[in-house]
Amino acid sequence: MAAEDGRRGEKKGADAAAARKAKQQGGFRTMPFILANDFCDRLASVGFTSNLITYLTLQMHIPLVQASNIITNYNGTANLTPLVGGLIADSFAGRFWTITFGSFFYQLGMVCLTLSAALPSLHPPPCAKHAADCHRASSYQVAVLYLSLLCTSIGTGGTRPCTMAFGADQLELMNARGGGQLRGAGAARPKWSFFNLYFFAVELAKLTAVTAVVYVQENVGWGWGLGVPTIAMLAAVIAFVSGYSLYVRMPPGGSPLVRLAQVAAAAFKKRKAAVPDPSLLYQDKELDAGISTTGRLLHTDQLKFFDKAAIVTDGDMLPSGEPNPWRLSTVHRVEELKSIIRILPICAAGIILVTSSSHNHSFAIQQARTLDRDLTPRFKIPPASMLIFTNLAMLLTLAFYDRVLVRVLRRLTGRPNGITHLQRTGVGLTIAMLSNAVAAVVERRRRSVAAASGLLDSPKATLPMSVFWLVPQFAIHGVANAFMDVGRMEFLYDQAPESMRSTAAALYWLTFSIGSYLGTLLVTIVHAKTKGSGQWLPDNLNRGKLDNYYWLVVALEVANLVYFFVCVKYYTFKPVETVGGEEEVELYHGNGNGNDGGKKQGGGFKY
């Protein structure tokens, strides 16, 4: 008896120690480490990609359209790998180690890029002063460039899908431990403030990159211009790993793709079965415990075909008494699949936004190169630094939205975040159209100035027109991003099953990937169809019709906005069963707002 009491005492002591350790992890104390990692990561990536068009055309001597396509293809690949990284994190590696290894690969890619710029054998010689033709980069030199970009693309696969979700985990799980109530106004507010804080840090890094780093590239040299971001990336890895002991590290819940496949397979096998009353569908609290720590998903009436996977039939159970996952799924797992399917159409609306902004890193920078960029007799604004106005506009909009606009809207709507995530996304899509319409008008004026000055055939000449004419199109796009990017990420984090949040974050980056590839396709088609007389996108923009390309993008955005409104009209938010106390069970309906204001949306449910 004494021995048993001793064992109980030891167990209680171990539990108490574990509880003390848990309280010491997570919270805002982890934010400097996480945000420092992402700040340096973005400083490194934006420090190179923002001026990549200049590096490719002026250093590697690659034609404009081909260089533009290299950029969009690189962006497409760099935003496709997060889908793989998110699956790895959710399946077996966890977010911390996925971020760590991703940062290592990114560091390797940046070192290779720096060597490519610094070593004369890895890039072509400068053009002669009066030479009509320049030596283009050799196949070997281009191969080294591609290898470097591939390493950085692999690196983004580890960092981008996990950093935001990892940071939000520190706050959400900390609130869950401290308050005992998983869904309420107090718990949700810090989490959504984190997303605004995250994007604010990202834009601050971009701002630094397009000013200081681009200035070094243009005025000191590409060796140092890429060396600075490389050193910043090393600092990012060190900062992140040094906070290891402070982090809440959610264990991976197994491959989400396997679970989704099991639900689909089970539903197909029982496709002829009649769906019973939802209360008779299979539930198993213990089986779902590892993938529903903040609450199980409840049954919804949409996509009823997949409910067949939760119908209990003969042969569904293994000899051990556990269900065969390829024949029988719980309601929670069925609803995981439904949630992902419902999210996909909303995600797809972001693709055109990426396509419409892809020219900001190519054609718009080439436009800036033709304009008067003198600030003083000795200082010219680097063309790529025009992106500063996108970053500044987004920074100011995020600050204004979080500190002022939300408070005003909260009084009008009664919602903790003022407007829903989907409303915020819709506002961003609408504003983005205005950005490209302004771009088309400004480009038409730029070309008319070239004609009036007799410089149509002098693409390298500086036109008597200020580069600040381009400020509105960059700034308006930054305002659109402040609404669109944050709204989409909040929506994905809120509506994705908790065990698939890294995968859901990867869907955010997947839209960037598809949008970038679509940008490549759009430029290629336009270039091919307008070849000859009236070409829209020649190397000499003074003889082109870039404004027509911008109007084409506006037309695509109008169609996309209509599509988004249709998707929102038919979207159903996920209902979650969450535990508010030892016995109390609360039903939470996700409402696109991050929380329900602490109010119950239904009665109690018993497990």
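Glycine too: its Cβ is placed from the backbone N, Cα and C atoms.
Copied over from TrEMBL, here are the features:
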type: TRANSMEM; residues: 197-216; note: transmembrane segment
type: TRANSMEM; residues: 222-247; note: transmembrane segment
type: TRANSMEM; residues: 343-361; note: transmembrane segment
type: TRANSMEM; residues: 381-401; note: transmembrane segment
type: TRANSMEM; residues: 422-442; note: transmembrane segment
type: TRANSMEM; residues: 462-484; note: transmembrane segment
type: TRANSMEM; residues: 505-528; note: transmembrane segment
type: TRANSMEM; residues: 548-566; note: transmembrane segment
Top partner of the transmembrane segment (422-442) among 197-216, 343-361, 381-401, 462-484, 505-528 - counted as Cβ pairs under 8 Å: 462-484
Dominant neighbour of the transmembrane segment (505-528) in 197-216, 222-247, 343-361, 462-484, 548-566, by Cβ pairs under 8 Å: 343-361
Segment-segment contact (the transmembrane segment (381-401); the transmembrane segment (197-216)) at 3 or more Cβ pairs under 8 Å: yes
Long-range neighbours of the transmembrane segment (343-361), counting only residues six or more past its ends (CB under 8 A): 49-50, 52-53, 68, 71-72, 75, 387, 390, 422, 425, 428-429, 432, 435-436, 474, 477, 480-481, 484, 488, 491-492, 495-496, 504, 507-508, 510-512, 514-516, 518-519, 522, 549-550, 553-554, 556-557, 560, 563-564, 567-568, 571
Close approaches to the transmembrane segment (222-247) from elsewhere in its chain (Cβ under 8 angstroms; 6 or more beyond its ends): 24-26, 29-30, 32-34, 36-41, 43-45, 47-48, 51, 55, 59, 96, 99-100, 103-104, 106-107, 110-111, 113-114, 117-118, 166, 170, 209, 212-214, 216
Intrachain neighbours beyond the transmembrane segment (548-566), with Cβ under 8 angstroms and 6 or more residues off its ends: 346, 348-349, 351-353, 355-356, 359, 363, 425-426, 429-430, 432-433, 436-437, 439-440, 443, 522-523, 526, 536-537
